[in-house]
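Straight from Swiss-Prot, the features:
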type	residues	note
ACT_SITE	H21	active site, proton acceptor
ACT_SITE	D122	active site, charge relay
BINDING	S273, Q336, W354, N355, S356, E359, D375, Q376	UDP-alpha-D-glucose binding site
Amino acid sequence: MDAQRGHTTTILMFPWLGYGHLSAFLELAKSLSRRNFHIYFCSTSVNLDAIKPKLPSSSSSDSIQLVELCLPSSPDQLPPHLHTTNALPPHLMPTLHQAFSMAAQHFAAILHTLAPHLLIYDSFQPWAPQLASSLNIPAINFNTTGASVLTRMLHATHYPSSKFPISEFVLHDYWKAMYSAAGGAVTKKDHKIGETLANCLHASCSVILINSFRELEEKYMDYLSVLLNKKVVPVGPLVYEPNQDGEDEGYSSIKNWLDKKEPSSTVFVSFGSEYFPSKEEMEEIAHGLEASEVHFIWVVRFPQGDNTSAIEDALPKGFLERVGERGMVVKGWAPQAKILKHWSTGGFVSHCGWNSVMESMMFGVPIIGVPMHLDQPFNAGLAEEAGVGVEAKRDPDGKIQRDEVAKLIKEVVVEKTREDVRKKAREMSEILRSKGEEKMDEMVAAISLFLKI
């Protein structure tokens, strides 16, 4: 690891171990490197290996230097290949959070050795800005979620007895009943996460970066700035722009299948890298896809270490035979951005993780939301409010309804009843693409002013 590099401004970027966080941080790192900042990108070995194929091949790649974070290794800790949230069995998530916190001492050594001009950190490590402050290194929080859910959480923390001042966006009946008025926190675990997020936001030095854009969340960003007494700078949507002809494991067969379909005739189905639908949820989604009569690609994931599960066992009996060439089911992983960008993709059945919402908007693909937990119901509601998606309503017991899934897929992809959603999704994509790198100007100006460069 090099010490500070001459007169070049150096930035150490330190995301949480989730793939969506890594992806957004990497796209921000690329943008900063194109603006002549030298980037140190710090994560675990398994995560660094995953992002290497997405590093730029041009000379600017020298401006992004990967730095390994070593998590503690002991019999009661996770092995290195599980130092990521990607396909991590859910019961091991608390262990990963604990190991990440225990890496603070090693991160302090990295900070001391590199002595960057600035630390840009994520929202699950309040100890990172504290360590930076002890070395007189300024630190800025980059939040990879939306401003809307952050403002709800912070408002509930600051003013628990006061009504949220912004008109409520869409939140369907089941989620309204489930989430309490306290910013959506319903368990001790959720309260703990909320406290950690709030601490990371408040520790940021006068500026907050957020992976969003004003056309979508301006009113929430303005209120977030008031709550934090900090400048909120949108830098999104930060989305990986794939080369459609580039090599990706398994993509050639997917592309060949997609190339045979009519324009905007296919739905992509995925629930992210950290959520594994139950057997009952899988059956409802499968029956919904079958009844919709729409072409589909469905990515089915199992937790790491689950070598016994077969796709056939996770789906209704005879499902694959009945859908035939109309559907493709992929086990494990598929290049989401490439599939969404393909001209035959006309809808996205999504859990509404924030990165997936941003990708849908960038590529102009309308969303059929099937949120599962955390911030996802709020993200689905925001997409619906913006007119670029619709959410599949659950029954009063919170169960996914196959008829609702089938109906919305047909409406969004095929029928005239949702032409407005398709049109709005295309318009949103055009707005975002017309901005280009303009979204980074405010950020670079804020950083330059902050660092007096």
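Cβ atoms are placed via backbone N, Cα and C, with glycine included.
Between the CA atoms of Q376 (UDP-alpha-D-glucose binding site) and D122 (active site, charge relay) there is a gap of 19 Å.
Comparing S273 (UDP-alpha-D-glucose binding site) with H21 (active site, proton acceptor), their Cα atoms are 12 Å apart once rounded.
In the shown protein chains, 25 other C-beta atoms lie within 10 A of the C-beta of S356 (UDP-alpha-D-glucose binding site).
A simple way to gauge crowding: the CB of D375 (UDP-alpha-D-glucose binding site) has 20 other CB atoms within 10 angstroms, across all the protein chains here. All protein chains considered, the CB of the residue listed as 'active site, charge relay' has 22 other CB atoms within 10 Å. Our reading of the UDP-alpha-D-glucose binding annotation (S273, Q336, W354, N355, S356, E359, D375, Q376) yields a largest Cα to Cα distance of 20 angstrom. A coil conformation is recorded for D375 (UDP-alpha-D-glucose binding site) in the three-state DSSP classification, outside any helix or strand. Cβ contacts within 10 Å of N355 (UDP-alpha-D-glucose binding site), excluding its own Cβ and spanning all protein chains shown: 28. Cβ neighbours of W354 (UDP-alpha-D-glucose binding site) (same chain, under 8 Å, six or more residues apart in sequence): G20, T144, T145, G146, N211, D375, N379. Sequence-distant neighbours of E359 (UDP-alpha-D-glucose binding site) (same chain, 6+ residues apart, CB-CB distance under 8 A): P237, V239, Q336, A337, L340, V365.
Within the same chain, residues at least six positions away from the residue listed as 'active site, proton acceptor' with a Cβ under 8 Å of its Cβ are P15, D122, T144.
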